[in-house]
Amino acid sequence: MNNYSNRKFIVGGIFAFVILIFIIRLFNLQIIDDQYKLSAESNSQRRVTQYAARGLIYDRNGELLVYNQAAYDLMIIPRQVKTFDTLDFCYLLGIDKEDLIHRIQKAKKHSWYRSSIFIKQLSSERYAVLQEKLYKFPGFFVQTRTLRKYPHHNAAHTLGYLGEVNDRNIKKDDYYTQGDYIGKNGIENTYEEILRGVKGLKVYWVDVYNRIKGSFHDGKLDRDAIEGQDIKTTLDINLQEYGEKLMQNKKGGIVAIEPKTGEILVKLSSPGYDPEMFVGRAMSKNYRELANNDTLKPLFDRSMMATYPPGSIFKLVNALIALQEGIITPYTRIKCQNGYHAGSFTMGCHPHKSPVDLKESVQISCNAYYAQTFRDILDAPRFNSINESYTNWRRHVTSFGFGEKLGTDLPNELTGFIPTANYYNKVIRTRNWKSLNVVSLAIGQGELSITPLQMANMVACVANRGYYYTPHIVKSIGSNNSIDPKFLKKNKTTIDPSYFEPVIEGMDLVVHGGEGSTGRSSAIKDIRVCGKTGTVQNPHGDDHSVYVAFAPKDDPKIAIVVYVENGVWGARYAAPISGLMIEKYLKGEISENKKYLEKKMLEADLIKEQEIKKVQLKKESSHE
Amino acid sequence: MNRKVSLIKNLDWMTIMLYAILVFLGWINIYAAVYNEDHQSIFDATQRYGKQLMWIGAAIFIAIIILTIESKFYSAFAYPTLILMILLLLAVLTFGVKVNGARSWFELGAIRFQPAEFAKFATNLAIARYLSQHNFKIHRLKSLAVTGLILFTPAVLILMQNDTGSALVYSVFILVLYREGLSGFVLFLALLAAIFFVFTLIYSSFTVSILILIIAAISLKTIGIQTKQIAIATAMLAGSFGTLWLINKGTNFQLGNFSLVVISILLNTIPFLIYTYRQKIKKAALVLLLVIGSLFYTFSVSYIFDTVLESHQQQRINELLGIKSDPYGTGYNVNQSKIAIGSGGFNGKGFLNGTQTKFNFVPEQSTDFIFCTVGEEWGFLGSALVLLLHLSLILRLIYLSERQRSSFSRIYGYGVAAILFFHVAVNVGMTIGLAPVIGIPLPFFSYGGSSLWSFTILLFIFLRLDANRLELLR
Ligand SMILES: [Zn+2]
């Protein structure tokens, strides 16, 4: 025993005292104070989410692209459901009894106490009728939300769409709950937090008849929804629409950029789809159909996610690098004997006058000129090894935005591929490979792969004589004009501005060089267009046709790339389509003398053509 | 054979019964808290109540193991156990998994466990061992330092895991120390500190300084200074304060009222000391020291609150003290919790009939806020009963502790009682708005294996010691 034994009373007393205080407090809370009392028998709360109106989306000229329309979801709280006239209910909703039972079961499985969606997006007529009779069906109520609506049926890939949140979204951001919508692609996705606003909450008292009796707790728990902010995009929807028309029945993509700002004017992938298909109840069915059953892959955004070898348009880059490295001057002339020959190696070229200087090499796209120049870049004596010289070449190439993400404000951008020196060390199995091993890079073939967006950005670099602004799709958010500062930062290429002029002269000749100029069909009266055609070998069918251009020559307002799969040569489809796009953008309409060209482009159906060719090929082979 | 019989005979079955009732009530409450119609079976192991049943099974197994171990073992291995736990606490800081912002869990496959829970019994054993040593003298500096080391090491490590609640538990050992002879004055000071803390935040440092002076005046009276002298002192203070206030007003010093009070007191310190020294009232110096100490403390509280505490901690304290109320933000949980409990009325809505606790209005309804389900479904009767059951268990533990011959067992028993009390007080206090929102479990009620096992271990080690109470353990 020790002296302090009496302290047990004090310690015990403290314990008892605190518990006593608690019991008095409970007595107060539970019996005296009415503030916290609910008469649980006849009342229950209903928490109604106040969905924030999602921000609208406009094009660069203030043309509305995406807005909201009201939709009505019928909600259910299984615990509050009492016996009701199922026949009447089914009739009102236009469902059968089996469906009804199935839906109730599903709701119970979700939660007995919390509300879940019973029927999505009732039509407003059905909602009007139901509204009158809803008091007969305790446990059911209607929640208003908004759906997207598209006045123009274009630019689906860029705008993106809304879909219900999945478990991953909910885990990542606890703002979302089951049944919420979230931007799944495009602008809707990257600018989700700006567009969505903040949802609010209203808590009501409801009586046994499911009637709202008033605000719960004097509205203390209510929160107003905060509307999403509107977004003005850089798109020109008229031009976009026109481009989609020109590309109908063709596979490929168009990207047009305003070189001075990096604003994306047009970005399309063909075949596309109508954004309305991804709204409302038909969405999941349409999605499945487009994703699984359509061999043309309309969901696939070719403008950013397809990577193609760039072909001849890449000669522009190699010409600039050669000038920068001092390998050639604008007056360097190189002979072409129907191609480039080195030992047993031959890279063919079409017949043309020889030798050619730099401008002419661009104009007629001489393979020999570039094979020779490219090898000279890699074999330059100032480098100790091929690894060093190749890495230097690659440094120039990537300064145009190739080989990595440009960092636009759209999701799913691909990097493309510019092989590293190490890549070849591995593939060729020696560090001492020769420039001849990789000579196909000279003409944009080989392992290179580049997205149309990157090609357009490259043209913007040329148009700007040496720099680019990261391409982006948003011009302003809400009422303030600020955009992400990274889009205001000038990205300089490694090429000195003075070297661009001779190359641009060559591009001018592509369009205006007279007979034999491959880009003639893109010429526009009164506007100086500079361009470059490309043809990319395609082992699976007809070659791909590609054309890059910018205009006007001295004050570029648009840089564009048109990529037409199976378009055979750049001159056949890609160049005329580019010319029409530029004219439409700069002049607003197509001049009379080019109407026939427009008609021809609109009517061309390369998809059917390819199908027929494939069938013929099969027939021929089966005859043998 | 004989030993077994005597062990069973010597066990305190009343404690075991209280334990069993609490665990059972806890389990059916978890069932009610997460009840849904699709998993109606209370044994459904995919649900929390099914899992809790498994934890209970494991707890019984742990209890039996503890009872079969020799009681000497517990005092002999008190220090190694604490060292092991400290190592685990260190390990969890580096290898642990983050849950709700606190890095305090180990994850072994499907099982998660929280070393902080088990540090409690280890610390309690070590404290009991140390305080029961012959050469322990509570007011010796070395003894206090070692005691502090035993308590602060786990507390600081747990604080570093961001688990403020579990760290604060160690403060309750002051009651154990008090029982073992710590001066009541220290306990009084701790209480005073708490009161000043609250007052400083609710009112202002200035108000508290006035309060301190009033207390000082009363103390001076009780140690034999005449009312007239106190009045003179008051007048001198008021005079200095008034003068300073005017000077402050006229110049650019911009001092606060609190600073003016402090300066006035310091100015009058010397005449006060000279006077009391002449009158041979020695205790007056002590009063003065207390006043200055309190003022310094008041200043530190507002300084620490404004500059050291993080904003969410400030908010929780503000919310509790009613300084700022924000029913959607920090106050949301407590508000919802009070609605749930308040709606229970006198006898509650009935088992499984609660609505507030099931709509997800109340967060953490099966863990930290489990008491809401009790309050809503069982009303005042049920919640008072649960509190009384806990109180009975705690008082029973004190009674048992006092009958121990060995001071080791007694101190350990007090520790168990104090830890249980702290959990009940803070957890229930939080749900009814009398304590800040600090996440610690309600013993035997909150869902989770770690906390149930921890309380089981705490309790049954004591029961094992108690069964051997007739032997003198050192
Ligand atoms: Zn040639």
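The backbone N, Cα and C atoms fix where each Cβ goes, glycine too.
According to TrEMBL, the transmembrane segment annotation covers B:12-32 (among others).
Positions annotated as transmembrane segment by TrEMBL: B:52-69 (among others).
The transmembrane segment annotation in TrEMBL covers B:76-97 (among others). Tertiary proximity for the transmembrane segment (B:76-97) is limited to same-chain residues at least six positions away from its ends with a CB under 8 Å from its CB atoms, namely 103-107, 112, 115-116, 118-119, 122-123, 125-126, 128-129, 150, 153-154, 157-158, 160-161.
For the transmembrane segment (B:141-160), the residues of the chain that approach it from at least six positions outside its boundaries are 82, 85-86, 89-90, 93, 104, 116, 119, 122-123, 126-127, 130-131, 166-170, 173, 177, judged by C-beta separation under 8 angstroms. Here TrEMBL flags B:141-160 (among others) as transmembrane segment.
Here the transmembrane segment (B:167-189) has Cβ contacts under 8 Å with residues 116, 120, 123, 127, 131, 138-139, 147, 151-152, 154-156, 158-159, 407, 411, 414-415, 418-419, 421-423, 426, 438, 440 of the same chain, all six or more residues outside its ends. The transmembrane segment annotation in TrEMBL covers B:167-189 (among others).
TrEMBL lists B:195-218 (among others) with the feature transmembrane segment.
Residues or ranges marked as transmembrane segment in TrEMBL: B:230-247 (among others).
Residues or ranges marked as transmembrane segment in TrEMBL: B:253-277 (among others).
Note on the transmembrane segment (B:284-305): residues 192-193, 196-197, 200-201, 205, 208-209, 212-213, 216, 219-220, 223, 225, 258, 261-262, 265, 269, 272-273, 276, 314, 317 of its chain, located 6 or more positions outside it, place their CB under 8 angstroms from a CB of the stretch. Marked as transmembrane segment by TrEMBL: B:284-305 (among others).
Same-chain neighbours of the transmembrane segment (B:378-399): 12, 14-15, 18-19, 21-22, 25, 341, 344-349, 351, 371, 413-414, 416-417, 420-421, 424, 428, 443, 445, 462, counting only residues six or more beyond its ends whose CB sits under 8 Å from a CB of the stretch. The transmembrane segment feature in TrEMBL is assigned to B:378-399 (among others).
Non-local neighbours of the transmembrane segment (B:411-438) in the same chain are 74, 120, 124-125, 127-128, 131-132, 164-165, 168-169, 171-173, 175-176, 179-180, 316-317, 319-320, 330, 333-334, 337-338, 341, 368-369, 371-372, 375, 387, 390, 393-395, 397-398, 400-401, 404, 446, 455, 458-459, 461-462, 465-466; each lies 6+ residues outside the stretch with a CB under 8 Å from one of its CB atoms. Feature annotation from TrEMBL assigns transmembrane segment to B:411-438 (among others).
For B:444-465 (among others), the entry in TrEMBL reads transmembrane segment.
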Recorded stretches the transmembrane segment (B:195-218) and the transmembrane segment (B:12-32) touching, at least 3 CB pairs under 8 Å: no
Distal contacts, the transmembrane segment (B:52-69) - CB-CB under 8 A, six or more residues away: 7, 11, 23, 26-27, 30, 42-43, 45, 447-449, 452-453, 456-457, 460-461, 463-464, 467
Stretch in B:230-247, B:253-277, B:444-465 most in contact with the transmembrane segment (B:12-32), if contact is a CB pair under 8 A: B:444-465
